[in-house]
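Engineer: Here's the feature list from TrEMBL:
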COMPBIAS  175-198  compositional bias 'Low complexity'
COMPBIAS  269-283  compositional bias 'Basic and acidic residues'
COMPBIAS  284-305  compositional bias 'Polar residues'
TRANSMEM  213-235  transmembrane segment
TRANSMEM  343-364  transmembrane segment
TRANSMEM  384-406  transmembrane segment
TRANSMEM  413-432  transmembrane segment
TRANSMEM  438-459  transmembrane segment
TRANSMEM  471-491  transmembrane segment
TRANSMEM  544-562  transmembrane segment
TRANSMEM  582-603  transmembrane segment
TRANSMEM  610-630  transmembrane segment
TRANSMEM  636-663  transmembrane segment
TRANSMEM  675-696  transmembrane segment
TRANSMEM  708-729  transmembrane segment
């Protein structure tokens, strides 16, 4: 093919139309180079004996001297043209398109990068990278001395990728496209025992890795969908039978628009049978057929311009008695729309806020893997996990302050400031190169911004819905799953091509767009002004159901982020998966969580949301212990889907539950109690993953202590939730009577 413009023939190493087979030693021996960064000794490991002499035989020959080929200065200045085959033991790691490193690639020209099998394209010139797991036996060449040793910790290995350029006319007519640019050998790049790379696990079943992932994801989700459908059918059937057996109640209660007009004695007037029947007949003739109460679908309503006529319940009678006798009553609460355009727009805004807060937080596993292996290799896993822990803690702890501020009418200010801080923190993360910079930008700034905006958005949604509240909050919470799926995939795909800074900025631009949408929706109207409130409702500390519920959430949050943060490291070190698949494990978990955020709450008309949460925590305890047994890739993918579904239940349910009268008797204090609940549980988010980081031993791929720790915490969460569940269910039964 003709040499592309802007590049001289000096940089074309020549054709590569046959499969080049490097010496066996190239696939089995690594080279280590020692150097210092800011006075701290560092070592880097390379494929192909770099800087130690024999590396020239590990690459195909050509017109460019191999001494220049192996120099980092020339990583981006050569290629093979026409190049049709990756060398033996190598495979295609990425495609080249557009104008790449001065090489004009036209529509008729194709390009690809070859890397040693199981390595990925690192987007630094031609550089490839991969990670060897602990306990791997390798041959290392350092300063000309070749030794065989067993790795005590995971090691990142680099190699110089081979760029291949070709046109359609360069392909042999007998060679299919599937035979071009593929590795002709299954030899791995580094391992000496066994010969194949320990990072390449295709399995003996003959199924491709993608097929295994599809089966692993599809089977459990299909089973969950079938089970949910069967359960919904029988619950609906049971409800219809119960309604058919219900006896009509003739007594009705007229809720006056002016309760003060009741008798000063405070005694409730009784209607005799004749007056009661007369009222029934007149109400039916004047008001028509009954409708359904938005607050309780089991009660019938008759509405008119005078007020609301409904079946009497103990709570409403007691409230009117208190008012009639001169006792203090709660502040009047405006009618809740339970739907409508404005209400569902608030759900859309909440979706955007979830993407920019919980979505970023749930994506931290992908960031942590990059920090551990590339950017912050001198830091321990426990230290790096503090970044995510601080972010998680602040998202929920800041609610202690923002909840009362929402109740006081500062919605516009909170949403605007919160979204600005999130975008600013992400953009500053793109400039960070040191640990403290990452901690300040991604940990503190993003965490504070997400916390400022999160609670106000949830309060707005909760105040716009009654019976549909769990589903509405679940729809908004899907934003967390969307963000936690999209952001890790973006990071994985863009970081090798455009580098860490611009990858993070790309994520930041998405955050900016969503922030603008959330601000435009939620700030259309000012918040409702109420009297000034304290940051803490002190009465809540004497409310036993509320305190037990908040304490149970603390146990749950202690364990919640352990799998999300350490799944990539577990996949790499314990299962020896590729770096690419370890990134996608986070996306699989978060994708499954989208179903857990919505599907269970379609059953909320039959099962109280707090009971759904308690069952979810119990299932999560089982998930933490079964994680120990997930020692192969197919089993681990099934486990990831199971845990992902349950994690969606855990993060959505508390916000939908806290508005229940048994946990928040006064709706005017909903924001305050929601902030207090998340503030108490935030201590679990802060210390959970650093403790797990101290329990994990990556040098021997030992996660057992952290897994048992997480499982025991979930069991504690179940035990603490039992009493609040009983209180809520007892309250609902009393109201339904």
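In case you wondered, yes, glycine gets a Cβ from its N, Cα and C as well.
Caution: TrEMBL annotation is automatic and unverified by curators.
It should be emphasised that the depicted structure is a prediction, and the values quoted were computed from it without experimental measurement.
Structural setting of the listed features?
Structural biologist: With a cut-off of 8 Å between Cβ atoms, the residues of this chain six or more beyond the transmembrane segment (413-432) that come close are 353, 356-357, 360, 402, 405-406, 438, 440-442, 444-454, 456-457, 500-505, 507-508, 511-512, 515-516, 518-519, 522-523.
Using a Cβ-Cβ cut-off under 8 Å and counting only residues 6 or more beyond its ends in the same chain, the transmembrane segment (471-491) has close neighbours at 343-344, 347-348, 350-363, 365-367, 370, 457-458, 461-462, 464-465, 503, 506-507, 510, 583-584, 586-587, 590-591, 593-594, 597-598, 601-602, 604, 648, 651-652, 655-656.
Through the fold, the transmembrane segment (544-562) approaches residues 388-389, 392, 396, 610, 617, 620, 624, 647, 650-651, 654, 657-658, 662-664, 673, 676-678, 680-685, 687-689, 691-692, 706, 709-711, 713-714, 716-721, 723-724, 727-728 of its own chain, all at least 6 residues removed from its boundaries and within a Cβ separation under 8 Å.
When Cβ-Cβ distances below 8 Å are used as the criterion, the transmembrane segment (610-630) is approached by residues 549, 552, 556, 559, 562-563, 596, 600-601, 603-604, 636, 638-639, 642-643, 646-647, 649-650, 653-654, 657, 660, 703-704, 707-708, 710-711, 714-715, 717-718, 721-722, 724-725, 728-729 of the same chain, each at least six residues removed from its ends.
Long-range contacts of the transmembrane segment (708-729) within its own chain (CB-CB distance under 8 A, at least 6 residues past either end) are made by residues 544-546, 548-549, 551-553, 555-556, 558-559, 562-563, 608, 610-611, 613-614, 617-618, 620-621, 623-625, 627-628, 657, 660, 662-663, 684, 688, 691-692, 695.
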Engineer: Taking residues 6+ outside the transmembrane segment (636-663), which of them lie with a CB under 8 Å of any CB in it?
Structural biologist: 212-213, 216-217, 219-221, 224, 358, 458, 462, 469-470, 473-474, 477, 480-481, 543, 545-546, 549, 553, 556, 560, 563-564, 567, 571, 575, 585, 588-598, 600-601, 609-610, 612-613, 616-617, 619-620, 623, 626-627, 630, 670, 673-674, 677-678, 681, 724, 727-728, 731
Engineer: Near the transmembrane segment (582-603), which same-chain residues lie under 8 Å Cβ to Cβ, leaving out any that are not at least 6 residues past its ends?
Structural biologist: 213, 217, 220-221, 224-225, 228, 231-232, 235, 362-363, 365-366, 369, 470-471, 474-475, 477-478, 480-482, 484-485, 488-489, 491-492, 563-564, 567-569, 571-572, 609, 612, 616, 636-637, 640-649, 651-653, 656
Engineer: Which sequence-distant residues neighbour the transmembrane segment (438-459)? Criterion: at least 6 residues beyond either end, Cβ under 8 Å.
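Structural biologist: Counting only partners 6 or more residues beyond its ends, the transmembrane segment (438-459) has Cβ contacts under 8 Å with 346, 349-350, 353-354, 356-358, 360-361, 364, 367, 371, 375-376, 386-399, 402-403, 405-407, 411, 414-415, 417-426, 428-429, 431-432, 473, 476, 518, 522, 655, 670-671, 674-675, 678.
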